[in-house]
Structures are given as C-alpha cells and as structure tokens.
Amino acid sequence: MTMITDSLAVVLQRRDWENPGVTQLNRLAAHPPFASWRNSEEARTNRPSQQLRSLNGEWQFVWFPAPEAVPESWLECDLPDADTVVVPSNWQMHGYDAPIYTNVTYPITVNPPFVPTENPTGCYSLTFNVDESWLQEGQTRIIFDGVNSAFHLWCNGRWVGYGQDSRLLSEFDLSAFLRAGENRLAVMVLRWSDGSYLEDQDMWRMSGIFRDVSLLHKPTTQISDFHVATLFNDDFSRAVLEAEVQMYGELRDELRVTVSLWQGETQVASGTAPFGGEIIDERGGYADRVTLGLNVENPKLWSAEIPNIYRAVVELHTADGTLIEAEACDVGFREVRIENGLLLLNGKPLLIRGVNRHEHHPLHGQVMDEQTMVQDILLMKQNNFNAVRCSHYPNHPLWYTLCDRYGLYVVDEANIETHGMVPMNRLTDDPRWLPAMSERVTRMVQRDRNHPSVIIWSLGNESGHGANHDALYRWIKSVDPSRPVQYEGGGADTSATDIICPMYARVDEDQPFPAVPKWSIKKWLSLPGEMRPLILCEYAHAMGNSLGGFAKYWQAFRQYPRLQGGFVWDLVDQSLIKYDENGNPWSAYGGDFGDTPNDRQFCMNGLVFADRTPHPALTEAKHQQQFFQFRLSGRTIEVTSEYLFHHSDNELLHWTVALDGKPLASGEVPLDVAPQGKQVIELPELPRLESTGQLWLTVHVVQPNATAWSEAGHISAWQQWRLAENLSVTLPSAPHAIPQLTTSETDFCIELDNKRWQFNRQSGFLSQMWIGDKKQLLTPLRDQFTRAPLDNDIGVSEATRIDPNAWVERWKAAGHYQAEAALLQCTADTLADAVLITTVHAWQHQGKTLFISRKTYRIDGSGQMAITVDVEVASDTPHPARIGLTCQLAQVAERVNWLGLGPQENYPDRLTAACFDRWDLPLSDMYTPYVFPSENGLRCGTRELNYGPHQWRGDFQFNISRYSQQQLMETSHRHLLHAEEGTWLNIDGFHMGIGGDDSWSPSVSAEFQLSAGRYHYQLVWCQK
C-alpha cells in the first residue's frame, strides 16, 4: 500500500522540478562505473558481472499532458490503456509528443525556475524479480544512466527518490523497497524541469529514459569509490600508478585493499594495504580510504596514436585473502600538462584534430548503442581525427571506454548551457543556481576521471561567464590537477579556462563584438600577457555544402605552435526519419514535427549525414589533418611525420606519374619514419613525353595491413603536384569541310555533315543542336550568375526575419535571380574555315544593367564549337555566385567522365583534397543529396568533360544532374525533388567559394569572391 508520504499528491505538491535547490533526493554519490565482481579474474578480463543486471527492454508506458493528470492508482498497478515501449528510447520517437529542434531560443517560456503547467509526462513501469540471494545480504541499487529531464521513482508503491541532469546517472538504493517474488518499478518522467534551463543546447529536445537502466548488487561492506592516476619521472621511463580507494560499510581491522595492474595476461605490479591514510589536518585522516602506489618500469604510454591499455583490478578482501568484491578499470599511462603556452601529452605538444559530436541517431533519437558509437569512432580515426568534444554534455559511459581503447582525446563537457538567457550568465552568476551547476560538474568528474582518453574538462557551453564558473574551475583544479579545464563562455579567455577556446574565431579577421571580442586566432596569441594555448572549441561550421577555407586554418595551426588545432562543428547531421503516407522514409529537420519554436535545418551541420554516409567535406578535413606532410624538390620527395609517438611500421608510399590521367610510371616505397621525423625518397627518371597534356605526380600513403580502426589498404594521406605546364587547348588545323550558314528572320543555322546548330536571332542564345534528327537541347544555352543558395549563403535569413547582409538577400535585392537578358548584338559571319556567331547581352533588372556578356561561337569543319565569353560586372552589384553557362541537355546518360579534380564534389575554397585525374562516375553520384537542397556537385579544374555524345574542353568547373538550380532553390527537402527531363549542365568559368568559418555571417574569404569587374573564359564543345 502506498504511504501518504509516498503518494503522488505529495510529490506534486512539492514540485521538486521547479526548485533549483533540489537537484536530487536520495540519489547516491557519483563514482566510476561499477560491476561488483566476486571473482578478480572476471574483473581483470572484464567479463559480464553476475551482480549487474540490465533492465533494458519492454516497459509499460502511458503518456500524460501534465503530471497532475497521472492517476494515483498508477503507483500500484499498470493502467488499462498502457502501451509497451522499449527502454532506452525517447518517447517522441514512438509517436508521443513532438521533438522540438531549437538552437538558442528556449522551447518553453523563460521564467526560471518555473516550467509550463502543460508539462508532458511519461509514466513507465516494469515488473521484475530479483535473485533471492540479493535480498538476504548486501545492497541492491538501480542505475539510470540518462533520463530527460527529471523523474521520480517508486518501487512497490513506495517513493524512492528524485533525480535530474539528463546526461549523468542517477543511482538509488532499492534494498529497503524490494521483496521476494515480483517487484514493480514506477518512473514518472517530466519533459520540463528547472534543469531544462541549464540544458539549452543546440539539439533536438526529447524526453524519456534514453540510456540504460540496470540493477547492481553490492556487498554490505563495499568499494564505494576509487580513483587512479599516473605519475612519471622526467623521461617517462618510470611511473607510479596511484590508486585511491574508498570503502563503505563496517570498517574492520581485517579489511585490506589490493590493487593489481595487468597488461594482458601479465601482472605488472601489485600492492596491498589496510584502510587509513595520511594525516589531513589536526583531526586526522580518512579512516575509510587508502592510497596505494604501484611502481612501473618503462610503462607503455597511452596516446590516441598508440592507445596502450593496462587493467587495474581493485580487490576488497579480508586479511586472510577472502574476496569481498572487486572493481576494475582500464588504465592508460599518460600525462597532460600545459607548459610554456603549449598543451603537452607525454611531453609532446598536441595538435588537436578534433570534432564535436552530439549523441544522435536518425531512427532512435538520442539513444546510443555500441555499434553506433564504434561506427563514429572508426569514422573519426579513418579520417584523421584524434580528438572529440562531448558536445555539450557527458556521454554514455561506454563512449569513454571505447575512446580509451581505440585512441581518441576527449573533452568531457558538463551538461550546462544557458544560451537563451539574457544575458547568458543570468543563471551562472546567480548563487541560487550554484548547487545545480556544481552537481553537473563534480559528478561528471567523479564518474569519468579514470579514463585516460579524457584529457580536458569543460565547464559547459554558451552560458556566459559567472561566479559559479570560477568556483567550479577552482574545484576541479583542486580535485584533479592532472587535467586542464576549458570554458568558452564570456569571451573564451576568462579566468575560468586554462586554454583560449573560442568558437568560430577566424584566422586573420577580428570580430570586435562588445564585451566579448572575438579576435583572429593569430592576434589572440599576441595579446599582452597572454601565454595560454589556443584550441578552437568549435570552428569550420559544416552545415550543408560547407567547409570552405578549412585549409587556411590548418596552415595557421602548422605555422604557429600555440595554435593547437580545434574541433569542427560537427560530426553528424541531426536529421530524424519520418515516413510519408506510403511508408517511405524521409529526413526531417526543425519544424517538420509541428514543433515551435524551431530553427529549421540548422540542426544539420555534420561532416556526415545522420546515417553516417560522408559529406564530401569530410575528405577535405581528412586531407588537411593528415599526419604525413610532403615536399617535392626535383625528383626528391621529403616525407615528414606529424605523429608524436607512432613510428611508421604499416605504411607504404605509392607514387604515380600520369599524363592527363594516363599512368606513365609508378612505384612504392616502405615508409620508415620516426615520430616527428623525415624520410627522403628519390624518384627515378621519368620517360620522355610524346604528347601534350598535364603531367601530375600523386603520392598516397597506404596501410597494407588492417588495424583496429581500418581495413587493409586504407589510405591515410595523399598529395599531388603538377609537374609540367604544357596544356594545349589550341584547335586542330583547319579541316577540309566548311560548315554552311543559313540565315532566316528568326535564326542562324549552321550545318556540317549530320550536325546542326541553331541560334535564335531574337534571344541571341544557342537554342538547339541536332545530331542527325535528334535534338540535343531542352533549353537554350544561357549565361548563369546565380546558384541555389547554400546554407552559408542564407545565414540567419528567413521569411519572417530578413538578414540583408546574407549573400542570398544581397543577390535577391540586386536582382541577380530575376535578371533578364536584353540582346544588344547578334551577328553571323562566314570565315574561310568556320562560321562565327557573335552575341552581346545585357543582363538587367528593373532597368539596371548588372552584367554584360559578350560571346563568340566559332564552329569549324571538325564540328568543334569554340565558345569565348567575356563578362563585365556592374561595379555597384554584389559579387556574383558564379559566372558561367547553363542548359538542359536532352540526353540522360548513365555515366559522367571528366579530366579534372575529383572524384568528390569540390569548390574553389574546398579542393585541396581533390586530385587531378580522369574520373568516371554514375550520373547519380554527381549529385550530393544534402537534406536541405542547395547548389552541389561542382567539380573544379576540369580540362575535359564527356557526357553522352558530347565533349567539352577548356579550363572550367561544372556540375551535372537531373535537378535544376531553380528546383534546388525552391525545394525544402531532398525527398521532394523530382528528376527532371534530360540533364542539367552548369559550366562555370568562375565560381565563388562556399565559405564555412560559420554559417550565419558571410564567411567566403575575399580571395574566393568574384570581385573583379571583368572575366574571360573559353571552352570547346564538340560531339564525339
């Protein structure tokens, strides 16, 4: 029977979820993950513990619009209309309530600590049995690894406790509540709590029991906490594993602790001691604690490059050796410190190749499983990332174990963000909110501090800078002086951070915002008195078709030692799968669930799609972050390793010399490069060239053998150099046949053999081509100066809030999208060996000329049409997105073949990873399926393009697909695109960069803007 004090009415009256001073009731203290092995060998080998039982699976569930709607009877028995849901899960992914995507704006009315009366409430219940032996002795705990956002727990009708902080565990002692036979849990989860004001991260707002639930049985006398640290001499040849162990229960003289250190099957060191430690103050020391030090000679050091893992087993036993219980953790011998303005790992300065990562799955919301976690780690390792920031909350506990073992440096971040407050530090400078903030920081440290992968603590994200931050910074530095602390809020260089950690600071451009100026990263280093390292906590906003200018950051990182890298925003698009009326899946973003407020597609900033398929930008990141750098001098290649600890032992350098994509010579050389060392490779003499073209040398570093994170044949680095400037685009000598010109009132028509070209005299455009009786064009060949806007072009502009500074708004206001061609000249001349068409167009909007385009088309007896284009840009119009030509071809061919940069999509400010070669891909692969459609699929540096019966030659950029720029511009989601008739071809003489320093302000560097007043390009169009 439910007691009065346990009743739902009492809980509702207290309203713990609207009291920042109440963050938990009856919750146990935080500690590292426990398993309570009763066999030390099982602890050493990390076998499943018989004392740890998962409660994941099917639970009964009922959703209510508010906690007051929950009937009291639910505490005792399931309701008749209960459904079944799987735990862990977000209830929004099961059709209850709607997920809300918002970045800054709170999804609730801002009135802390109060939340809406209509507060969606999920009521979970589970019936289970426990082992009889668990009831006879010891302590049985229930562990919730993550519940969003707050919950009350009952067991067998009796109230157990309360917890909040969605991203850290809540653990309760169930011993007094369990009974023999059947037991029933009831968990009331509230969508909103006062904790929601500290959880205003840029992500989907979801609810429920979304991480694992488990039971743990501990002995009455037990290990209650343990902490390991590694200490070194100056040259890292000797180490001490320092283990501090705390117990709970009856403190008996016969109790002992043994800590043993293992490397595989080999015991490296061991030590035993009774409880009781050093004197702390005049009252003595801790009787329930003991610290042991194990000496280790020549430890194998841990790093992301070589993640050597030991295993520490902590045994609580009696003096005669009878084991009471054992706990264990992985150990990595490594040292992190900041010295002389540099972040050092094991004495070496790190270069952080980092990425931010939200816990996100397109089908499961914020539920992470081991397969997805491993998939993400493999993606990072294979693409030369060595670090991850847990943005913006502590991750699933398993994540850290996997990072330890695969090798990633981790920034562990507290679940604190108050981005929507005005000012942002309104709560973080308020002492009433210090207890809530404190629990989120201190419990993170207590849970995760044994992980070697965690090299930096973060106090949270975008919460201004308040006195609470200063207090928590000092707490961490006192409790764990072995790691630096970072925090970006309040200007990225406050007293609460050991690292200057700005977000979206640019390489050379200052952003002098009031109170919190964002200096260029180069300038920041030179500020008076500033000696901290700089690591960007967020940079290179990878939203849609982005990451332009990424190479500029890496040039700076390699030039200035104290610029120690950064974390790209971010890894994974946060789109969610919805289904149409026919059951077909499609990718949804903010607003697609009827969610308000929402920030539309701003949730999709990933280097990979939500299903982990890579964006083309991922290849650029991989190339810029590669650990081998190359320098060519004559026939000598100098290979420099940026590895700090890895001596190349599984790398071959493959080299190829090719002329217009045709290999002339190749070879391979084993790499034997010491960490931070060099190797010089001499190439043989090249064969004599007997034809013209572009000569390129390409090198790839290939791993012949599989590793823990890559398959055999993995390419880790590459570089390419052009060896000769001998491209010839001159036309062949005059042919024997002469094309025939026919003039009518409406057209100029040129005929040659079975080919015809028709120019409309009223429009001045090439209106049709024939090969035999087959028409080749569905639309005329026209100038093109616009592109379907990128996310970076749109910025923060939207229908209800126009940003006049956004590129797309500037183009719209100037009339670029609405411009119409006025024909100024259209003439035809018969030459000795060719026909020459000359046209001049003025592209105008509302009587104003924006562009003047002068073109000549020279059709000779070989059937080649040489097109020369000269464009004048009005001085007072915005720089255009592109200067090129477009038409709709009648054919739909299966494949596209080109000689140029590829194979992936590339743009003028994102092409360092692309290689010059002859590429051949299916037409469908020339389109990049960004969830929010935009300009995509460009290939730069093209010398030859072949599609169907057509060939284009010159020096141009192109994209080709079934979708017009107009359709891409007008369509909100990729699944709504329809393949149009024929194929759309865009050939650009010049294309503006895409930017990517951020996505809310113009970020295309000046050198990649089309700022000149005149442009000239030419190409040849012929039929094969």
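Cβ coordinates come from backbone N, Cα and C, glycine included.
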Swiss-Prot annotation, Mg(2+) 1 site containing E417, H419 - matching residue among E370, E462:
E462
Quick check: of N39, N605, N936, which does Swiss-Prot put in the same substrate site as N103, D202, E462, E538, Y539, A540, H541, W1000?
N605
Restricting to the recorded positions E417, H419, E538, F602, which ones have a CA within 10 Å of the CA of E462 (active site, proton donor)?
E417, H419
Roughly how many angstrom lie between the C-alpha atoms of F602 (Na(+) binding site) and H541 (substrate binding site)?
11
Could you check which of the recorded positions H392, E417, H419, N598 is the closest Cα neighbour of Y539 (substrate binding site)?
H392
Write down the Cα-Cα distance for N605 (Na(+) binding site) and H392 (site 'Transition state stabilizer'), rounded and given in Å.
15
For F602 (Na(+) binding site), what is the secondary structure by DSSP, using just helix, strand and coil?
helix
Taking every protein chain in this structure into account, which of the binding-site residues Y539, F602, W1000 has the most other Cβ atoms within 10 Å of its Cβ?
Y539
When you average the Cβ positions of D202, F602, N605 for the Na(+) site, which other residues in that chain have a Cβ within 8 Å of that mean position?
N103, M543, W569, D570, Q574, D599, C603, M604
When the Cα-Cα distance from W1000 (substrate binding site) is computed for each of the recorded positions E417, H419, E538, which gives the smallest value?
E538
List, in sequence order, those recorded positions among D202, E417, H419, E538, N598, N605 whose Cα sits within 10 Å of the Cα of N103 (substrate binding site).
D202, H419, N598
Tell me the Cα distance separating H541 (substrate binding site) from H419 (Mg(2+) 1 binding site), rounded to the nearest angstrom.
18
Which of these recorded positions is closest to N598 (Mg(2+) 2 binding site) if you go by CA atoms: H358, E417, H541, N605?
N605
